């Protein structure tokens, strides 16, 4: 898709963009067809510097944190430096399957007890490796952008005593699988060599505040059957796919953290059909339940079924972090985990606001290298890198407030166990990590031991500048939308606090909308996203008349059979989006104008809607539907195609606790306005919340000065009166000034001073006349001093 599909405004486009594959057979047995054979090899573990044990097909005896593996490929000895992916599984990681009676069985295995590794090949600077060591070794070994291998175990009947594995050139592998190169094809199909991860990414990733995608993967019942109803095999398949997805997402500086796996061992828990659109939205509806029990960022369904046409994956664009749309579906279409992982990464890319790469956009990898992940159609070899266009779209998505949940792990050490210095990722026990010594120009960090240089406080993060922590209150993430909230450096961490936003239901857009997952959807905004800045919502009678019809011109969505549903009158504003004005054609490709006319007060009124072309090959949700969270009346909001009460008891309770001194954030804490202090906005302070970091005024010295003055100023009148009482009479007589004794208070009052009973009027700006002069024996001062007795010239200080 072109750049016009981007969403400059607020809420996500619920547009489904599938990844297309050629209609050639992709699923096969473990062995390749025909007489295809790779080179027979036996990898060996190397522990404590010596050859230790050959890699067998059994479950590994050891699962070390780091290990060397030796093998030979095409007469060349390769030494793989492998490291267990400690960040792959989150603390609290769970695995769920079901008993025959339908009850779930939830296990909490040790989140470090797995056999998924990554690493590099010693002596090859551009190399990278992604391997599973469960039941032998399988995975990718990339030496350079031109040379890559796939290693996999041989079937048990073929191994006898040795060798235990086969290694293939990737181009061999795909040629044997019957995929022919066709330069004129709309699909990419070429000899495979997978691109390496750019080394420049290492420093970029370390220097920014990290982003983590907390993922929950579900395998449907068909996939479980295809794995011969073997729960452990299904589990390993999902972990291998997740391991590869993580490697792909790292090219976007995003790290995957798996919070859980679920296998539908007895039956599917959401409706799964050959219709990808129907399957997706049924799954997203089911996803709400698991998300409520175990919050995470994205839920991905991996199905063993085949969808109609060439669609192998589907996801809502910009759906990430949203309860109703943060997920996707992918078919397990490839024998290789990398193939299925490329599809899942593509769909996650859509959730992150990425559209299909236009022609000429992918310069990072050509067809022979797999191309780029976000190309609309892909074949063999599978892509492994995101294009520069995708990276730009992602930056735009983050700038406008998208993906706040990806920043909710502000301290990477929370997810880390043993680490390896020099890999470019800040891990447990490291103060910094700028990559290898040859490529580490960082003035803050020692590359050889990942420690800070003398005098340095930090090396990475948005709250680190010139090796020093930014002061508390320095803005590090401004509010991006009406429903977003700013974050500030804490002064103790180099990372910006987790991204928070207004609690769902908070009013936004001057009361025309209500916040939902950090967005502020309004009818005006949605019309302008479809038709341009000159568009506006159609009159309400358009919605009432058209959406009650229950056809393609007006409806409240579709049922599971694809039939249009009419809207009830109260729900009319939550159905088909109807607009007026703007561009003659929609700004989004594959969508056409559908104008309808109604009579309103004796005149014809055009109600403009949008319709997806049936032959567009985009099996997508009707983009012309009003988005969830859109206001549909006073204190009313659209949810599930119904106009519902927007009043939230949770929001009301939170606002009450904030003493009307602030708003409520997504963690249900008070975000105080300037002048009030968290946590409850009931005491003077700078504003902000316990989640955002301490706010700071534009002039960091102004607030302490104001607090000092607010304390001292009330004392000045009393201090002045005391000074007058004790010092001024003596001063007057010494200077020859005449004073008089006040008989009421029995004290001297200097001329021009204020009587205590008149203090209130002085404060309100009403000057009192000075007391009359009295006779003195001497008056040595010239008459010019009489101005002190002139009320018109009196000044109060």
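Glycine is treated like the rest: Cβ placed from N, Cα and C.
According to Swiss-Prot, the feature active site maps to 347.
Residues or ranges marked as Zn(2+) binding site in Swiss-Prot (evidence: similarity to another entry): 134, 346, 350, 356. In the three-state DSSP assignment, the secondary structure recorded for residue 346 (Zn(2+) binding site) is helix.
All protein chains included, residue 321 (disulfide bond) registers 27 other Cβ atoms within 10 Å of its own Cβ. Annotation comment: Swiss-Prot describes 321-405 (among others) as disulfide bond.
The Cβ of residue 389 (disulfide bond) lies under 8 Å from the Cβ of 357, 358, 361, 362, 374, each on the same chain and at least six residues away in sequence. Swiss-Prot lists 361-389 (among others) with the feature disulfide bond.
Feature annotation from Swiss-Prot assigns disulfide bond to 362-372 (among others). Other C-beta atoms found within 10 angstroms of the C-beta of residue 372 (disulfide bond) number 28, with every protein chain shown included. When secondary structure is read from DSSP and collapsed to three states, residue 372 (disulfide bond) falls in the strand class.
Look at Swiss-Prot and you will find 476-496 (among others) tagged as disulfide bond.
Residues annotated as disulfide bond in Swiss-Prot: 654-664 (among others). Note on residue 654 (disulfide bond): other Cβ atoms within 10 Å of its Cβ, all shown chains, come to 21.
According to DSSP, residue 670 (disulfide bond) is assigned to a strand segment. Look at Swiss-Prot and you will find 658-670 (among others) tagged as disulfide bond, backed by similarity to another entry.
Residues annotated as disulfide bond in Swiss-Prot, with similarity to another entry given as evidence: 672-681 (among others). Mapped onto three states, the DSSP output places residue 681 (disulfide bond) in coil. Here the Cβ of residue 681 (disulfide bond) has 23 other Cβ atoms within 10 Å, regardless of which shown protein chain they belong to.
Sequence annotations record features per position, and here Swiss-Prot assigns domain 'Disintegrin' to 418-504. Under DSSP, the residues of the domain 'Disintegrin' (418-504) split into helix, strand and coil as follows: 3 helix, 16 strand, 68 coil.
Look at Swiss-Prot and you will find 766-797 tagged as region 'Disordered'.
As annotated by Swiss-Prot, topological domain 'Cytoplasmic' applies to 724-797.
Swiss-Prot lists 703-723 with the feature transmembrane segment.
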Sparsest Cβ surroundings (other CB atoms within 10 Å) among the binding-site residues 350, 356: 356
Count of other CB atoms lying within 10 Å of the CB belonging to residue 347 (active site): 27
Least Cβ-crowded entry, counting other Cβ within 10 Å, from the recorded positions listed as 346, 362, 476, 670, 672: 476
CB contacts for residue 134 (Zn(2+) binding site) [other CB atoms within 10 A, all chains]: 23
Mean predicted confidence [pLDDT] for the domain 'Disintegrin' (418-504): 85
Integer Cα-Cα distance in angstrom, residue 405 (disulfide bond) to residue 356 (Zn(2+) binding site): 23
Proximal residue to residue 654 (disulfide bond) among recorded positions 134, 346, 347, 350, 356 (C-alpha distance): 350
